[in-house]
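Q: Sharing a structure with you now.
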Amino acid sequence: MKWVLLAVVIFSAGVQSHLLRGSPVNSLCDELINPSGYSCIEHTIETKDGYILALQRVASRNQSLKLEYGPPVLLQHGLFMAGDVWFLNSPQESLGFILADYGFDVWVGNVRGTRYSYGHVTLSQTDKEFWDWSWQDLAMYDLAEMIEYLHSIANSKIFLVGHSQGTIMSFAALTQPHVAEMVEAAALLSPISYLGHVTAPLVERMVFMHLDQMVVALGLHQINFRSDTLVKLVDSLCEGHMDCNDFLTSVTGKNSFFNASRIEYYLEYEPHPSSVKNVRHLFQMIRKGTFAQYDYGVLKNLLIYGLSKPPEFKLSHIPASLPMWMGYGGNDLLADVTDVERTLAKLPSEPELLYLENYGHIDFVLSTSAKEDVYKHMIQFFRARRKSSSL
């Protein structure tokens with residue numbers, strides 16, 4: 001595997017304003033959105049545990065000089081991705097651009113640890129404490145703070161779109177009443193709350209070989225597939241055991257509808273770093289088949305949770321009145337159909353569903369035909385929730 005190296009930036013820990021002063025070195029607006037002719041403004045927020053997150057606000061290139069924003073929608077990316085994933089194809093194919101062209105007030109989330117949200121008020125990315133988080137923190141702090149910020153700016157409920165890990169975060173956050181009441185509707189692509197039936201070959205091998213424990217033993221606290229150490233470690237897992245030449249397929253399953261000729265371009269932006277603790281939490285879900293908080297072991301669980309086992313997130317706590325829409329695929333080896341069905345059985349409501357037999361995990365964000373296959377259905381779902389809107 002030869003990843004294309006990008007410079008890594010640390011956002012200033014002293015940023016106080018929600019609106020970035022000047023252009024950060026890693027500016028999603030400057031890299032992908034403004035060059036396509038769209039209005040894009042960089043914002044920052046600070047989470048309750050001190051992380052500095054970047055948000056981008058995107059408006060259509062078809063709007064007049066006086067921007068009039070429509071219904072707010074937050075796009076939340078998946079694991080090892082960032083907000084750039086919503087803009088990697090052409091404006092006619094990328095969900096971020098498409099929603100803006102339909103008049104939505106598009107906000108792009110970037111969780112802690114990604115190259116756009118690499119700051120903390122006191123910690124450096126070289127501190128191990130900087131990486132002491134998992135997806136439950138991304139849900140309870142990052143996503144919750146983003147939703148609250150959008151809600152305050154728009155003075156209305158928001159639409160929420162998640163993909164992959166972004167759906168894990170969404171499910172967990174929406175079990176919290178104060179978060180759910182700010183969301184008008186949620187659309188989830190490759191929805192995940194249970195991972196007991198993951199069959200992606202390389203992921204299965206990583207879990208079996210306890211890759212999470214290997215990287216801890218190496219003294220690592222972040223998972224960065226652009227680092228020589230991680231590249232060599234993954235190569236050693238593949239060598240003599242499986243064909244990892246098609247790395248993406250070995251991790252996610254077959255993706256049939258994205259432009260394979262653009263792989264090198266995609267790799268200029270993906271993958272983004274994540275924490276070892278986050279991967280360990282996901283591996284716990286695979287091994288145990290649960291949708292629960294991080295398992296520290298019996299003694300620390302007792303200290304933190306007052307229980308010997310970590311508490312589960314109760315999907316039944318998501319309000320039955322919250323409209324939900326889900327798109328999932330038959331070739332997705334991460335959001336397996338059996339696990340999706342288990343999720344559906346636990347929810348108190350019946351989401352609207354779009355099942356695409358030939359779609360894989362990445363197809364839902366990078367398919368060149370997703371506008372017709374997926375996004376038009378999502379937009380119809382949102383528009384039905386806002387019948388009084390001018391959309």
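Glycine residues also receive a Cβ, built from the backbone N, Cα and C atoms like all the rest.
Not measured: the values here are computed from a predicted model.
Checked TrEMBL, it gives:
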type	residues	note
ACT_SITE	Ser164	active site, nucleophile
ACT_SITE	Asp332	active site, charge relay system
ACT_SITE	His361	active site, charge relay system
DOMAIN	30-89	domain 'Partial AB-hydrolase lipase'
SIGNAL	1-17	signal peptide
Q: What's the CA-CA gap between His361 (active site, charge relay system) and Asp332 (active site, charge relay system) in angstrom, rounded?
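A: Cα-Cα distance, His361 (active site, charge relay system) to Asp332 (active site, charge relay system): 5 Å.
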Q: Using DSSP, tally how many residues of the domain 'Partial AB-hydrolase lipase' (30-89) sit in helix, strand and coil.
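A: Going through the domain 'Partial AB-hydrolase lipase' (30-89) residue by residue, I get 12 helix, 22 strand, 26 coil.
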Q: I'm trying to understand the geometry here, so how far is the Cα atom of Ser164 (active site, nucleophile) from the Cα atom of Asp332 (active site, charge relay system), in Å to the nearest whole number?
A: 11
Q: Under 8 Å Cβ to Cβ from Asp332 (active site, charge relay system), same chain, six or more residues apart: give me those in sequence order, or none if nothing qualifies.
A: Ser190, Thr252, Gly253, Tyr359, Gly360, His361
